[in-house]
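Below: one structure, written as structure tokens.
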Amino acid sequence: MLDRRIFSDPNGNEVRWVVGSAWPYIYAVPHLGNLIGSLLSADVFTRYLKLKGYDVVFVTGSDEHGTPIEVEAIKLGIEPRQLTDRMHEIIVKLLKLWGIEPDNYTRTESEVHKWYVRDAFTKIYNNGYIFTKDDELPYCPRDKIFLPDRFVIGTCPYCGYPYARGDQCENCGRLLEPRMLINPKCAICGSTPEWRLTRHWYLDLRRLEDRIRSYIEGNSALPDNAKQMSLGILKEGLRPRAITRDNKWGIPAPFPGAEGKTIYVWFEAVLGYVSATIEYFRRLGREDDWRRFWFNKGTRVVFFIGKDNIPFHTIIFPALLMATGEDYVMPWTTSSTEYLIFEGKKFSKSQRVGIWADEAIALLPADYWRFYLIYNRPEQRDSNFTWDSFLDVVNSIMNDTVGNFIHRVLTLAKRRWGTVPGDVKMIEQDQEIYGKVLEILNTVEEDYERIMLKDAVSQSIEIARIGNKYLNERQPWRLSEVEFNSAIYMLMSIVKTLSITLAPVIPFSINELWRMMGYSNGLRWGDARKPIEQGLRLSEPKPLFRKISKEELNVMLKKLDEIRDIKDKGKYPWEQAYLPNP
């Protein structure tokens, strides 16, 4: 559980935020599990921070280097950059459709990123943390290429998982090397690899082990899954890790004698959080402002990642920052989710198990998916997406509890008022109800600050339930004018509070709600404690959401199959993405 003290600094430093989402590998469109584990959760938390008025930068981008892209480009007879240019464009469009708004969504092919990575590794090399070693590495005689770790698959020596990659077992999370695998195979063609001699450059993690252990043990903000996994790896002892590869597609290694080598994609991609911040402020014409974030002890750096990415963010990335010899602020915490599974199974494109970001947005508006995914976020255990649960959340909670309450209140207010009266006050009974809502608001705020986004949504729903209960029991339309005005004033104030607590989760709907309530500009978190402003001109209310029937679901599933039939016909990856026509 996250320590709330991250929202204040005991030494009086100004608190700033760098929010980083795991960079999507743009070999393909991300699925819902990818989104909830990183991009969507990071967007929701960033929106909360901005509502609070914090100085925050949300950075992420397209991870486009490495063997998978290189191999796919060879198969298609095109250059890797041709593939990544098109896929990057598609991801940018999808993020806009989903309402995911990084301050800088960049790419690992950006000139700033390539410059920063080479500069950082030059400093690390000059500081003596890098050495060379001649290794026998897996080489596929059929494909005639050296195989990066992740392109060797076999049985994990720790847990027996038969499809472990040569860099990490996705089942138990252990960091691996290809030689550790039992019965290794080439992931491209299935051939048994040969071992051939080649020279590579290594990061000597052993020399950084004590500092990394001290950093992790002393960090009360790390969630349990991240802390325990990291300490488990440290207990076994850190080993040097090869940071170069024989790929052509990547960032050229800057070390003397390393011509023809590129930086291993995992070691350059994590540095993207810094390079993306630099690039963001360069675009704003504020060249040195990035230092206010990365060299300020009051900065809170938080990563939104899946649990399989924990070691790269709690061990590798801090190690790289330490090895530069510069006084970087260390990452404060990770929000490392468990897995989202689909109808009890792992997401699988080939078996059509799951839903992908492009498919989802073709079926329903983004806020339906955003609400459900955050409501069902796998924060402490795996979550299971089922169509039945999706219908239940959309129909019973999103529409009936939240949407229906808002629409009933706005309809009453518009019908009797049109404009919020200037002399209206809450009677004592209504003040007590409003006070209970403000108590729940405190809990919602705590949940956001602990990055328990699922709990924040659940508590927001409780606010709507209080309003619905009041409407059903009090029946304001039967009251005297004074009591009616008090009731609607209180209920409109509850709607205002509710809208702010849900604004990070369903921004499209809340912006429309604010328009209907008469707000020309967006609200801030502090406004959630203030009653509705008098004099607001109300617009004609429209329902924010609608129910989805079983019959409509069947139509959606049929459309989903049709979309996938279209995607399957595409030769190129960008032809296998489904985007609405502009």
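In case you wondered, yes, glycine gets a Cβ from its N, Cα and C as well.
As the structure is a computational prediction, the values presented were derived from the model and not from experiment.
Features as listed in Swiss-Prot:
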- 24-34: motif ''HIGH' region' (MOTIF)
- Cys156, Cys159, Cys169, Cys172: Zn(2+) binding site (BINDING)
- 346-350: motif ''KMSKS' region' (MOTIF)
- Lys349: ATP binding site (BINDING)
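Same-chain residues that are not part of Cys156, Cys159, Cys169, Cys172 yet have a Cβ within 8 Å of the Cβ center of the Zn(2+) site turn out to be Pro157, Tyr158, Gly160, Tyr161, Ala164, Glu170, Asn171, Gly173, Arg174, Leu176. For the binding-site residues shown (Cys156, Cys169, Cys172), fewest C-beta neighbours within 10 angstroms: Cys172. Sequence-distant neighbours of Cys159 (Zn(2+) binding site) (same chain, 6+ apart, CB under 8 A from its CB) are Cys169, Asn171, Cys172, Arg174. On the 0 to 100 pLDDT scale, the motif ''HIGH' region' (24-34) averages 92 in this prediction. The DSSP breakdown of the motif ''HIGH' region' (24-34) into helical (H, G, I), extended (E, B) and coil residues amounts to 3 helix, 2 strand, 6 coil.
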